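Enquirer: Please see the structure below; I have some questions.
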Amino acid sequence: MFILNFVLLFQIVTPVSRLLTSSRFSTEQKHFINKYDSLLLTLSSLLGCRQLAQRWTLVLFVGTCLLYCARMAMPISAVTMAATFQWSKIDSGLVLGGFFWGYCFTQILGGHVSDKVGGERVLVVSTALWAMITIATPLLAHFGSHALFLMALSRFLMGVLQGVFFPSLASICSQRVLEGERGFLMSTMHSGCYMGTLVAGGMGSVILDLYGWQSLFYSFGVLSVLWALFVWMFFLKGKVCLRTQSIITSYKWNGICFGETIRWTWLRLLALAMVFTHMCISCTSNTLLSWLPTYFKESFPHSWVYNVVPWFSAIVSAITGGYVSDFLISRGYGISSVRKLMQFLSMGVSSMFLMLVCEKTFTSFTSALFFISVAVGLTTFTSCGVSVNVQDLTPSCAGALYGFMNMMGAFMGLLMVALCGYLIEVYQSWALVFRLIALVNSTGLGIFLLFGDAQRVDVDC
């Protein structure tokens, strides 16, 4: 349907443009035709951009899957590599932890560069670089007697290069996608994270058993290089779709224009509420991702489906949440109300299901798996809540601000994961962990419901 409309519009535009050269029309008539011609060209450009956005959605989904496949290669191979190189638990922790420190450092920089030069190019260049590091990892492991240092360094560089991905994605979405269509795109991209985790866990384990840990890095690295080459050849080598909305490149907020201190303070409060809520949901999500396998293994040691079911439910719910949010906006519901609804489901309702796990009434494996799968699935609704809210408030600098939000979330995630490990070690209680997650979620949700908004604040008055 879009293609048909696109062709018809150009068939109309061409003869209208030719009529402008005719002397049969007065100046006023030519002026009217010129405005009509400009409108048709704008509409045709918009339809073309929308078709291109649909193709980009699939490409970026695959890219997100490969991002997480490459990221999970080291954790999957850690046990085998530790036995090969005689690493202790502390050594393995240093290698694995190196990624997260590097991941925090380039969030803001990646978003800022994406806002200036375009997130598509930042994505492709960074992907090509971290893909080559992935391929080179097995070679570095056997390079001299400094395998531990080189592995930690490679993980740090992986984190540095992968840290620009989601800020760049936020920049692309704010500059290329209309407000009513951002939720589905961001949700689809986030579902790629869980798909990549599943693929790496399933296919990666098979590759590891059959061909050794080196083949795992080679496989995911080569696939990522091919993805970067494909995007460069077929999407970036020619023209890039123009922005579908007017973006003000200045970082001047409209509160200053009015010279009202109260107005300026309120606008800053909107951004701080968004950052704080994103920080809360990021650290609780990282905590669940880090500790859920240990919880199930210690509480229900004779089952394995806990490694599949929660993350499969996350894929389905992420796409569903994005579709529902865009549908509500298209039906006339306020953007702010939809963002808050999605965040309530993500942080409020999901915490309720986590609290049910703490109840002594529900002690079976089936009930625990069900409640946690629902909680993990609902958590993904944040991708069409506060995660996309940054594009509503500040589209001109969405990449940089999202990078700051992600950096704060990553730092807080490191602290909360360590705190939960301390609680488990000292008190031997998983209920404390789930209650702490619910408390952090409730705090962030309350701040967002009170002070969150979707009114753009980075435009000139």
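The count begins at 1 with the first shown residue.
Yeah, the Cβs are placed from backbone N, Cα and C, and that goes for glycine too.
According to TrEMBL:
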{"type": "DOMAIN", "residues": "56-456", "note": "domain 'Major facilitator superfamily (MFS) profile'"}
{"type": "SIGNAL", "residues": "1-18", "note": "signal peptide"}
{"type": "TRANSMEM", "residues": "56-74", "note": "transmembrane segment"}
{"type": "TRANSMEM", "residues": "94-110", "note": "transmembrane segment"}
{"type": "TRANSMEM", "residues": "122-141", "note": "transmembrane segment"}
{"type": "TRANSMEM", "residues": "147-172", "note": "transmembrane segment"}
{"type": "TRANSMEM", "residues": "193-211", "note": "transmembrane segment"}
{"type": "TRANSMEM", "residues": "217-236", "note": "transmembrane segment"}
{"type": "TRANSMEM", "residues": "269-292", "note": "transmembrane segment"}
{"type": "TRANSMEM", "residues": "304-329", "note": "transmembrane segment"}
{"type": "TRANSMEM", "residues": "341-362", "note": "transmembrane segment"}
{"type": "TRANSMEM", "residues": "368-388", "note": "transmembrane segment"}
{"type": "TRANSMEM", "residues": "400-424", "note": "transmembrane segment"}
{"type": "TRANSMEM", "residues": "430-451", "note": "transmembrane segment"}
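What does the local environment look like for each feature on the list?
Expert: Summarising model confidence by region, the domain 'Major facilitator superfamily (MFS) profile' (56-456) averages a pLDDT of 84.
Tertiary proximity for the transmembrane segment (56-74) is limited to same-chain residues at least six positions away from its ends with a CB under 8 Å from its CB atoms, namely 81, 95-96, 99, 123, 127, 130-131, 134, 137, 151, 155, 158, 162, 165, 169, 172, 176, 185, 188-193, 195-197, 199-201, 204, 216-217, 220-221, 223-224, 227, 230-231, 235.
Using a Cβ-Cβ cut-off under 8 Å and counting only residues 6 or more beyond its ends in the same chain, the transmembrane segment (269-292) has close neighbours at 306, 310, 343, 346-347, 372, 375-376, 379, 382, 386-387, 389-390, 393-394, 401, 404-406, 408-410, 412-417, 420-421, 424, 433, 437, 440-441, 443-445, 447-448, 450-453, 455, 457.
When Cβ-Cβ distances below 8 Å are used as the criterion, the transmembrane segment (368-388) is approached by residues 170, 173, 182-184, 186-187, 189-191, 194, 274, 277-278, 281, 284-285, 288, 292, 296, 299-300, 305-306, 309-311, 313-314, 316-318, 321-322, 324-326, 338-343, 345-347, 349-351, 353-354, 356-357, 362, 402, 448, 452 of the same chain, each at least six residues removed from its ends.
Within the chain, the transmembrane segment (400-424) has long-range Cβ neighbours (under 8 A, six or more residues past its boundaries) at 100, 103-112, 115, 163-164, 166-167, 170-171, 271, 274-275, 278-287, 290-291, 294, 387, 390, 394, 430, 432-433, 436, 440.
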Enquirer: Relative to the transmembrane segment (217-236), which of 122-141, 193-211, 304-329, 341-362 accounts for the most Cβ pairs at distances under 8 Å?
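Expert: Selected stretch: 122-141, with the most Cβ pairs under 8 Å.
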Enquirer: For the transmembrane segment (193-211), which recorded stretch in the set 94-110, 122-141, 304-329, 341-362, 430-451 gives the largest number of Cβ pairs separated by under 8 Å?
Expert: 304-329
Enquirer: Under 8 angstroms for C-beta pairs, at least 3 of them, ignoring pairs fewer than 6 apart in sequence. Is the transmembrane segment (147-172) in contact with the transmembrane segment (122-141) by that rule?
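Expert: These two segments touch.
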